[in-house]
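Asker: Okay, handing you the structure first.
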Amino acid sequence: MVQSSVLGFPRIGGQRELKKITEAYWSGKATVEELLAKGKELRENNWKLQQKAGVDIIPSNDFSYYDQVLDLSLLFNAIPERYTKFDLAPIDVLFAMGRGLQKKATETQAAVDVTALEMVKWFDSNYHYVRPTFSHSTEFKLNTDAGIKPVDEFNEAKALGIQTRPVILGPISYLYLGKADKDSLDLEPISLLPKILPVYKELLQKLKEAGAEQVQIDEPVLVLDLPEIVQSKFKEAYDALVGSNDDIPELILTTYFGDVRPNLKAIENLPVSGFHFDFVRVPDQLDQVASILKNDQTLSVGVVDGRNIWKTDFAKASSVVQKAIEKVGKDKVVVATSSSLLHTPVDLESETKLDGVIKDWFSFATQKLDEVVVIAKNVSGEDVSKELQANATSIKARSESSITNDPKVQERLTTINEALATRKAAFPERLTEQKAKYNLPLFPTTTIGSFPQTKDIRINRNKFAKGQITAEEYETFINKEIETVVRFQEEIGLDVLVHGEPERNDMVQYFGEQLNGFAFTTNGWVQSYGSRYVRPPIIVGDVSRPKAMTVKESVYAQSITSKPMKGMLTGPVTILRWSFPRDDVSGKIQALQLGLALRDEVNDLESAGITVIQVDEPAIREGLPLRAGKERSDYLNWAAQSFRVATSGVENSTQIHSHFCYSDLDPNHIKALDADVVSIEFSKKDDPNYIQEFSEYPNHIGLGLFDIHSPRIPSKQEFVSRIEEILKVYPASKFWVNPDCGLKTRGWPEVKESLTNMVDAAKEFRAKY
C-alpha cells in the first residue's frame, strides 16, 4: 500500500488559540506554564486530527511559539551575545530574538533593551522567518536549558501512541539562509558547516534513542540558484551525518516551492533514505528526479498543494503518482502535500458564511489531510469511487462557472499599452512641479500608513459588521479616530500625513471586500509571523472596482488639515500575492486586472484633491521567481507594468509613493516602478553595502529607521546615529525620514514616543543642512 504523508500542519489552532495565549503571555496576563500548556494542547490536537484522518506519516516539531527557524537557532545556541547578557528564561530569549525586548530596571533586575533579529520572507511565501545570525564567536551546541524540542515533542506524541516523523531544517539551508552579524561581516555562514554538523549529529542520535525511525530533513535552498561551493557541501554534510553507523534515524531529504533539477548533482549520491519533491510547482520533473534514486530510496510525491486553497484534482494528482509508481515501484512511493500546510487556513468546515457553490471549490489544511489519504488509497487500488466522482463533479463545476469570467474586464485588458503605463513626464520634471506645490523641508517626515488598531476600533468595527450600530454612527466614530491621528501628527510636526486607516481590517482584505472577483472567509487565518495572522481573500474570478473604496476617508482627513494627506492603497502585486490566487489564469493577468481597478481609484483620489498617493508593494520581491532566467525577467516586467498601470494616469504634480518591506531588494526592480518616493524597511539591515546599493537610486527614498514589529522605543540619538550612517552614502536632498512599516500592531504610548524622537532627529539634521 502507498503511504500518505503531511510535511507540516498549521500551529495556530482552529480559533487562533496560539495568538491569544502568546499575546497574553507578552502582556503579563498569562504565565509561562499556561503558555506551554496551551502549546502542548495544540500539538496533541494536531496529531490526533491527522491520525483520525488516516495519515500514515505524521510530522512532529512543526510547532513553534514564534518561528521554526528561530527555534533551531535557540536549540543550537546560535544566540548573539546581546541576548545572553540578561537573566532571561529560554522562552523569553526566543521572543527577544524574534521581536526585541525593552524593560525598565527594577530592584531585582537590570534594564533590558535589545532589538530583534532580522525577519525576512520564507522563500516566495507570505510567511516570515527570523534570520539566523552568526559571528566568529558563535559556538554551536545543543542548548538544553529548556529541553531538546524535537526530542521532547516526538516523545509527547509517542506518549499518545502516535509515531511521528520529526521535521528539522537541514544544515545547508539553515546556514545559507542565515547571515553574518554586524561585527563579523567577513564571515560566510556556510563556512560554519564543520562546526554545526556535530550538533546536528548529536540531535539525530538523540532522536534515534527516543525511537524516531525517520526524520524529515528540509533543504529548501535546493530550489535556489546555489553557488558551486554551496552545492559541493551537501555531500560533505550528509556523509558526515549518516556515517557508517546505524545510530541516526533514516533521513528523508525534503525540498519544496520550486525546481530542484539544476541542483540534482549536489544530491544524487547522498546517503539518505529518500527524497521529497514538490510536484505541484514542478509537475514535469519525474524523469529527472527519479534518475537519482538508488534502489532502496523512496520518492515522496508532493501533489496536494500546501500553498493554496483550491481542491486537489484527484484524477490529475493520481496520474502523477501512478507515473511515479511505474517509474520506481509502488513500495517506494509516498503521496504527500507539496509543502507544509502552514500556509493554508486550518479548517474549511468553520466557514459557515461562504457561498456553497464557491465553498465546494476549496480545501483547507484539515481537508487536505483527507486528500492525501484518498489519493494514496486510489493508487493503492482501494475503492474510493465515491470520493473520485464527487471530486470530478466539483472540479468540472468550477471550470464551467460564470463566476470566474467577466467579459468587460477581459475586454479592458486589451486596452493596456505602453502609453497607459507611462507617466506624462520623467521624474526630474515631475520633481520640479512637486517641489513648487508642496514646499517640503529637507528630511521630510512621514509614516507608512496605519496607526494603532485599538480595542475600541475593533469593537466598533465588529458592532457595525453585526448591525449593532448604524452606518452613520460608525462613520462618526471613524472620523473621530481619523481626527485623533491627524492632530497627533500635526502636534509632533510630521510633514506628510496619513489618516491612520482605522476603517481597515487588513491592507489586502479591505480592498478585496470592495472589489468584484473576490471571496472571503471568517476564520481563514494563516500565520504571517509570530502572532501576526492574516486572513487572505480568495480571488475566484475576474477583478474590477464597482465604486470608490478609499476616497471618502481620505477627503475627510485632508479637510481637517492644511498639510499634505496621503491617499493609501495596496498595490496590485501585493493584493495578488497576499490573496489566495486563481490557479486557472496567470499571475500576470490577475495583476493587470488589479492594476486597472486601482487606476480608477488613484484617478478618483486625485480628482477629489488627494495629490499624494501611496501604492504599497511590500510583496513585490516575494513574488520574484526563485531562480534567475526568463521567468524572473518576465515577472519583473509585468509586476512593474501593473504598478504603472495603476499610477500613471495622474498629473506631474501628483506625488506617487510606494513602500516595500521584509525582503532584500534590488534598486533596479524599484526603479522600474517609477514612483516619485519609495520607503523601504531598513532598521534591521546591518550591512553597509545594502545602503550603498541605493546610493544612485534616481528618485527620492526613505530608509526605515525603526522596527515597528518590536515594542521597543528608539531614542532620538539612535535615530540620529542611523541617519548619519545613511547620509555617508545617500544624498540628504533625496532622503525621507520614516518608520519601517505601518504602525497598526503597536500601542499608542510607544508610537507617540518613537515618532516624536524620529521627528526631533529630522529637525536636528535640518538645522545642520
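Note that Cβ sites are derived from N, Cα and C of the backbone, with glycine treated the same way.
Here TrEMBL flags 4-326 as domain 'Cobalamin-independent methionine synthase MetE N-terminal'. Annotated 5-methyltetrahydropteroyltri-L-glutamate binding site per TrEMBL: K19, N126, W578, in sequence order. Per TrEMBL, domain 'Cobalamin-independent methionine synthase MetE C-terminal/archaeal' is recorded for 443-763. Positions annotated as L-homocysteine binding site by TrEMBL: I448, G449, S450, D616. Per TrEMBL, the feature L-methionine binding site maps to I448, G449, S450, E501, D616. What TrEMBL lists as Zn(2+) binding site is H659, C661, E681, C741. Positions annotated as active site, proton donor by TrEMBL: H709.
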Asker: Looking at the binding-site residues D616, E681, C741, which has the shortest Cα distance to H709 (active site, proton donor)?
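Answerer: Nearest listed residue in space: C741.
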Asker: Measure the Cβ-based neighbour count of the residue listed as 'active site, proton donor', defined as the other Cβ atoms within 10 Å of its Cβ.
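Answerer: That number is 22.
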Asker: Run through the Cβ atoms and count how many others sit within 10 Å of the one on C741 (Zn(2+) binding site).
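Answerer: A count of 26.
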Asker: Cβ-Cβ under 8 Å from N126 (5-methyltetrahydropteroyltri-L-glutamate binding site), same chain, 6 or more residues apart: which ones?
Answerer: H343, V526, S528, V534, P536, R577, W578, A619, E622
Asker: Counting other CB atoms within 10 A of each CB, which of the binding-site residues K19, H659 comes out lowest?
Answerer: K19
Asker: How does the model score the domain 'Cobalamin-independent methionine synthase MetE N-terminal' (4-326) in terms of mean pLDDT?
Answerer: 96
Asker: Looking at the binding-site residues H659, C661, E681, whose Cα is closest in space to that of I448 (L-homocysteine binding site)?
Answerer: H659
Asker: Show which residues of the chain containing S450 (L-homocysteine binding site), separated from it by at least 6 in sequence, have their CB under 8 Å from its CB.
Answerer: V498, G500, E501, R504, M507, G742, L743, K744
Asker: Can you list, in sequence order, the residues of the same chain other than I448, G449, S450, D616 whose CB lies within 8 Å of the CB centroid of the L-homocysteine site?
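Answerer: Here the non-site neighbours turn out to be T447, V498, E501, M507, M568, Q614, H659, C741, G742, K744.
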Asker: Give the distance between the Cα atoms of H659 (Zn(2+) binding site) and D616 (L-homocysteine binding site), rounded to the nearest whole Å.
Answerer: 5
Asker: Binding-site residues K19, C661, E681, C741: which have a Cα within 10 Å of G449 (L-homocysteine binding site)?
Answerer: C741
Asker: Considering each pair of residues in I448, G449, S450, E501, D616, all listed as binding L-methionine, report the largest CA to CA distance in Å, no decimals.
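Answerer: The span, Cα to Cα at its widest, is 14 Å.
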Asker: About how far apart, in whole Å, are the alpha carbons (Cα) of C741 (Zn(2+) binding site) and D616 (L-homocysteine binding site)?
Answerer: 10
